[in-house]
C-alpha cells in the first residue's frame, strides 16, 4: 500500500457560499472562492479513493470531524476482530500537548507524561502506558474512563460493572460462549449478535470515512489500511463466500457491490421485511387507518394541524462541494416524497456536505418513512438523474434510523443508539421568541446534552450562527443532579423568521427546538407560552399530565406553524422575481393560527396576521379579504371570552393602505370590526354582553368604539324578536349596565326637551327626544320602549280621572277671559265708553241757564 495521501485536500469554506434555504441553491459569495474551498486532487497511486475530501473545521478546532473517528476502532492483535466504541472522540486518544515529546507516542490519559517509544508494541498501538491499562479509573479529557482488557481500548466508566476489568458487552459474549446457553426455538442469538456487530462495524466505517483528514502523518498513512481492516471484518461478519471477495478488492466499488447486495437481498439487519423493488414508482397515498374519535373537539377550527408534523432529514455527502448540487435539488426532494411536504427549507455546512432539510409532512408520511427508511433512500437514489446521490458515500438519518450507501447501493439501515448512556432530550429552551436586530441569551435544558461527543448548533435564515461543543457551553453553576443547562448568546439580523437550536452528536443524530424572530411586541406575547413548553416542571404524579402534554404539543405546533408563516411572508417580501415567490399561506392553516392567537389574546400576533392577510400573503378561499375576516366572528369570540383588551384592539383596528384583495389601487383605511355587527338572528355583540353578569368591562369597551356605534345601537339594534340590548339587560336585572350606558349617552349627546303626548285612543307611548348636533342643527331620534314580551293588540283601558280633567281643561280653554290680552282690551273699551257717555250727556252746572253743551263754548275772551 502506498504511503498514504500525498497532499491533504482542504474543506470548503462556509463563508464563500451563499445558500438559499428555500430554493436549495448555492452561489459563490465572491467572484472566486478562497483557496480553502477548492478541492485538491493530489493523490498517491494505488490509494483507495472513497471520494472523500479532507476537512478542516473552521468554526471550532475541537469539532473537527477528521479527529472524531480516526481512532474510533482498533484491531485486536490476537484474533483480528474489530470492536468499536460508538461516539468516541478521537481527541481523547490524541497526544496531549505539553505532556510528552511529539517525536514519539505517549499515553493518552490526562496528565500522563510517559513516553512509549521504548514500550511494548501493544502499548504503542493503543497509546496507553502499562500503569493505566490496569487502573480502575483514569481521566481522558476530563471524563472518567477505564481500559478494557478484552477490547484493548478505553471505554466510559459507566460501561463497566463495579470492579470489572472488561466491559459488560465483552463479559456477556464471554459468558455466552462459556455457559453454552441453549437457544430457544425461533431465536437466533448468534445471528442477532452478528447483526449488531455488523452494524457497529459499518458505523465505524462511516466514522473512518469522516476522519480521513486526521492531522497526524502516521494516521494519514494508516488510513487506507485501516479501511481495509474494516472491510475485512465486515466480510467476516457477513459469513458468506461472496462477501469474502471483498478481501481481494478493498475499494468502494467492491464494498458497494457486495455489502449493498447483502442488505438488499433480504438479509435485513433488523427484520425479515420483504424488500420492495426500488425501480417502481410508489405513490404516497394516505393509508386507511382508524381515525381518532376520542378527544375530538368539534369547536376546533383546524383539525389538520394535529395530523401534520415538522421534522427533519439529515444527509451527509462525502466528497461533495456546494457546486455539486443540481439546480433542481428542491424538485428532486419534493418528487422523492411524492410532493407531500407543504413547507420545506434546508441548511448546509461543511463536513463534507451536511444537508439538513426541515419539512412539514403528514403524520402518516412520517410513519412510512420510519417504517422502511431503506426503501425510501433507495427510491431517492433510483429517481436521481445526476451524480449527487449515485456516486460516493452518503449517510442519511431519517428520524431514528441511520442509513449508509455507496455509489448508489445501500449498505446499512440501523436504528440509532445513543453514544453515551440514554438518548439525548431537550426539555426546554428560553427564550422561544427573539426580537429582530437584537442579541439573545439562550438557555437550553435537557438530559445527556452535555457530552464529549455532542455540540450545539443555532441556525437561522439559512445560516449557522453558532457551532460550539456542548461542554464549553455547560453552565457550571447548575451542575446539580437532573437536567443539564447550556447557555450561549447569539445576535440576529433585522429580518423576521424562524430558527432552530440543535444538539447533535458525532453520529449526526440530533434534536432540534424551534424559536421565532419577530417584532418585540409579538415576541413578548409568544414568550408567555414558555411555561407550557417546559418539560422540567412536568411531574409524573400529576393527574393532569396528559392535558399538559396536549397543551405543550399545541403550543409547539403553533411555534412551527407561525414560523412557516413568517418564512413565507419573508420570502414573498424579499423575492426579486415571481418564480422565486412561493404561494400564499393556506387559508385553513391561517384560520388555525388566528384561532390560537385569539384564544390566547395575542393582540400583536393577531395584528401581524391581519396585516399580512391584507398584503396578499394568504391564499383565500373567498373572493373578498374583508369577507374572509368577518366570517371569523372575532368580535363575538372576544365577547364570549370576556376579553376587554381583545375587544379594544379589534374595534380600533383599521386596514392599512396596502393593496387589498389583489387590486392595484390602495384601499382606504376602514374599521373592520364594529359593536353593532349582526350575527345569527340579528343578535349583536351588545346583546350577548347584556346577558352576562360579569361583563361590565366588555360592555364598556363595546360602547367606547371610535365611531360611537355602540351607544347608538344600545337602544336601536333589534334582534329577530324586536328586543334591544337594553331590553336584554332589563330582563336580566342588570340595572348597572343600563345606568352605565345611559350616563355615556347623557355625557356624549346634549340634553334636549322631551314632549309627552297622552291620548286615550293610542296603545303605546311615544317619546321624542331632540338632540343638537355640532353644527347647531337638531336631529330627532325616536326611542320606542316596548314593555312585556309582546305588544298587546287590545287598547289599554282609559283612566277614569283623565276624562273629566280633559273635558274641564277643554271647557276652560274656550273661556276667553282667562287670557290676559282679552282682559286688557276689555278694560280699554270700558274707559272709552265712560268717556263717551260723559261727553254726550248734558251735565247740570250751577249758575247757568239752559242746558250746557260743549259746542256752545267759545274760544277765548271777546
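Quick reminder: no glycine exception, Cβ is built from N, Cα and C everywhere.
Feature annotations, courtesy of Swiss-Prot:
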| type | residues | note |
| --- | --- | --- |
| BINDING | 107, 112, 129, 132 | Zn(2+) 1 binding site |
| REGION | 55-98 | region 'Disordered' |
| MOTIF | 164-180 | motif 'Bipartite nuclear localization signal' |
| ZN_FING | 104-181 | zinc finger |
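In the predicted structure, the zinc finger (104-181) carries a mean pLDDT of 81. Across the zinc finger (104-181), the DSSP tally of helix, strand and coil residues reads 25 helix, 17 strand, 36 coil. Sequence-distant neighbours of residue 129 (Zn(2+) 1 binding site) (same chain, six or more apart, CB under 8 Å from its CB) are 107, 109, 112, 114, 116, 119, 123, listed in sequence order. Fewest Cβ neighbours within 10 Å among the binding-site residues 107, 112: this applies to 112. Residues 107, 112, 129, 132 make up the record's Zn(2+) 1 site, and a Cβ search at 8 Å around their centroid adds 106, 108, 109, 114, 128, 130, 131, 138 from the same chain.
Sequence-distant neighbours of residue 132 (Zn(2+) 1 binding site) (same chain, six or more apart, CB under 8 Å from its CB) are 107, 109, 112, 138, 147, listed in sequence order.
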